[in-house]
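Heads up: the structure comes next, in C-alpha cells.
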Amino acid sequence: MRRREELVTAARRVIGRDGFAAATVGTITREAGASLGLLNYHFDSKDDVVAEAFAAAAHEDLAALEAISRRFEAPPDRLAAYLDQSEWADASSWRLWVDAWGESVHSPLVRDTLGRFDVGWRAVLAEVLEDGVRQGCWRCDDPQDTAARLVAVIDGIGLHTTVHAEDVPPERAAAWARRLAELELGVALPEAPPPVVIPVAPRVHSTRIEIRGRDLDAHGHVDPAALFAFLEEARSAWLGERVPDAVVTHVSVAYRRPLGRDAVTLTCTLDTVGRVTFRTRETVATDAGVAVEAATTLEVPGRALTGAEREELAR
C-alpha cells in the first residue's frame, strides 16, 4: 500500500503545482519515481489516481471544517468561526477547488468526488444552523436549503479571491460571507473567536535518496549534506509553493544505515508552526532471515510564518 500512497502523493504534488491538466501518466510516475506498470497495478486509469489525490486534499479541508465546528459550543460562535476561517488566505487550496470545478466538466470521477464533499460541507453547516434553531439563536425555516445557499456563496467568493485576489483580499471575502449569513438568519453574528490551530493531516512530500559509502562517515551515519539536498528538494516541491529559508533555523542530524539496505525513504512534513520533520521507517530483511524495523526521526526547529511570508507562499 505504501507505493500506492506514494503515487497518490505524487499526483497531489503535480495537481497542486501545475493543475489537473498537467497530471498525466508520465508526470505522475516521474514525480513518484515509479513505472507505468506500477501505476496500472494499483489503479485502473490515470483518472482514478487523480480523483483519489483530489479526494485526499478535499478530505483535509472537510476535516478542518469539522474541527472548527467541534471547537466551540454556541452555534453563533461556531458559525462565525467557520465563516471567518474558511481558508480565505489559503490561495493554494482555493486554486485546487477552482481547478477541480473545471476538471469536473470532463471527468465523472472528479465530479463525483466534488459532489460527495459538497454534501459533507453542507451537512456540517446545516448541523450548526439546526442547533441554532433549537437553541433559539435565530430563525431558519429550512436549514438544509440555507446551508446549500451559503456553501454556494462561499464557493463563489472563493472563486473571486482566486481570480481577483487584489480586489477581494481574505478580510473582504470573510466580511462578505459573514454579511450574507447575517442577512439569511436575520441576526448579527458575534465577533469571530480567536484563530484556532486545526488538527488535520499535514501535506507531505516524500522522495528516495541513495545512501552510498561516500555519503557515510566513519560511524556509518549519513553526510548531512545529503539531507540538506533533500530539504531543498522538498522546499521546491511543496505543492509548488516556495517555503522561505527563514522558516528553518537549524539542522543537525545523523542517520544510521539499516542492515542490508543501500536506500532509505525520507519524508518531509511541514506543519502549522513551521517545524520540519524527517521520518523514516523501514522493514529490513537481514542475511539471517530476521526482519528488523529501523526508524528514526529528525525534527528541525522552526517558527510560525510571518504575514509577509504567508503572502509569499500564496504567490
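Any Cβ shown, glycine's included, is placed from N, Cα and C.
Annotated DNA-binding region per TrEMBL: 24-43, in sequence order. Taken from TrEMBL, the feature domain 'HTH tetR-type' covers 1-61.
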The average per-residue pLDDT within the DNA-binding region (24-43) comes out at 88
In the same chain, residues at least 6 away from the ends of the DNA-binding region (24-43) whose Cβ sits under 8 Å of its Cβ atoms read 3-4, 6-7, 9-11, 13-14, 18, 49-50, 52, 207-208
Secondary structure of the domain 'HTH tetR-type' (1-61) by DSSP, residue by residue, totals 51 helix, 0 strand, 10 coil
